[in-house]
């Protein structure tokens with residue numbers, strides 16, 4: 001006993017060696033999630049948006065149900081849609097004969113098929129409440145697809161998405177209280193964008209063409225998507241995707257094209273249609289004669305084409321870099337997967353060895369004790385990793401991909417962040433079309449509402465100015481009827497946003513070749 005006590009005293013040990021108790025699941029949850037750092041990350045860290053998105057969708061579902069149950073429905077176009085589809089269901093394929101209370105049918109064949117389905121589901125269009133619940137489904141699907149794109153891009157802080165999605169009265173009204181066809185077209189468009197980002201090109205083109213078949217405004221996205229095809233698929237691949245889009249249009253329009261082709265083309269793809277001045281949101285300050293003049297329309301068309309040509313070069317470079325990063329991802333994917341397999345096997349082997357030691361009753365502390373050389377190596381290795389991380393952090397920009405930890409003993413690179421490079425040209429193409437539109441009606445807000453946070457946060461404006469732009473745009477779309485002030489304010493916000501985007505885009509874009 002005496003030598004043992006002497007040795008214990010000389011080694012500085014007073015009691016038994018300290019053994020760390022295993023943490024419970026509750027303690028682990030409290031340490032990782034129930035703290036201020038995690039709460040702040042849910043608000044400001046774009047990487048946390050996937051978790052916040054689930055909360056957004058759950059709350060939005062409840063909010064939509066409350067709106068449907070408590071806010072009166074307003075009839076605008078639903079009955080006319082049903083009347084137009086009823087004519088088709090009765091056997092009429094002459095587009096000039098398909099009419100409703102608001103006038104002739106002016107949408108392509110996809111609209112007829114989809115709203116004919118609604119016609120049957122809602123008892124010939126009479127069950128408005130059921131139709132509203134169908135549009136709740138459309139709304140939630142749309143939000144899911146949009147949030148998925150934002151989650152991949154890691155561009156926008158979660159609090160921005162929460163504020164914009166919950167505070168827009170006009171958007172909820174368009175979906176739930178008006179039942180317009182614009183949300184259906186935009187839903188198909190966002191489904192197509194998700195397919196393109198996932199590399200499912202043919203599926204994306206089918207969905208895109210279906211969107212065009214519901215409403216032609218989807219063509220405003222076409223210039224950006226065309227550049228996406230060219231940079232990622234080459235000219236032959238682009239031709240194949242355009243062929244897919246064309247075949248879908250021919251297939252959907254076949255019943256009408258085979259019977260009354262000119263009536264169908266003139267009725268559903270009429271690019272020269274003149275809108276009524278009383279419904280305009282963006283040109284209330286013009287006299288009706290000027291608003292309806294052909295010269296005014298041609299001037300807007302020239303401006304539209306000019307802006308597309310102006311932004312074509314930087315957009316093309318963005319999409320080139322997107323393509324290169326995706327190719328790099330394909331090259332590195334096998335190596336990353338192989339490294340992860342090695343790490344997984346080593347972790348399993350170490351865990352098995354640890355179990356054997358515990359069964360054998362060997363002291364764990366002695367087995368895990370490192371030599372002086374091993375400790376020096378680990379410290380040097382950790383220091384090098386930290387220095388590399390700091391250098392990458394200083395070099396990183398919103399348009400670069402970042403290495404991320406995929407969990408214990410795993411390697412990963414968040415290539416999905418390169419989605420930013422693809423979304424910007426596509427969203428910008430549509431936004432330019434909005435800026436140069438001959439007339440914007442209230443339901444048209446859905447055409448670009450979901451891209452506004454992305455476009456606004458791409459600029460280098462201060463956060464206060466970004467929110468001010470979004471607030472003013474929302475104010476303009478909620479002013480009914482539109483006024484001179486609301487129309488001018490809307491144009492001012494659009495031009496400020498376009499200027500902020502251009503000022504940043506036309507700087508030197510790093511070549512990732």
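Using the three backbone atoms N, Cα and C, a Cβ is placed for every residue, glycine included.
Note: TrEMBL annotation is automatic and uncurated.
Quick caveat, the model's predicted, so the values are computed rather than measured.
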What range among 273-294, 295-316, 317-338, 339-360 does TrEMBL describe as transmembrane segment?
295-316
Name the residue range among 9-28, 29-48, 49-68 that TrEMBL annotates as transmembrane segment.
49-68
May I ask for the residues of the chain that lie six or more residues beyond the transmembrane segment (421-441) and have a Cβ under 8 Å from a Cβ within it?
149, 153, 155, 193, 196-197, 217, 220-225, 227-228, 275, 277, 279-283, 291, 296-297, 300-301, 303-304, 307-308, 311, 315-316, 318-319, 321-322, 325, 399, 447-448, 451, 454-455, 458, 490, 494-495, 497-498, 501, 505
Which one, 133-150, 179-197, 203-230, 242-263, 295-316, has the most C-beta pairs under 8 Å toward the transmembrane segment (49-68)?
133-150
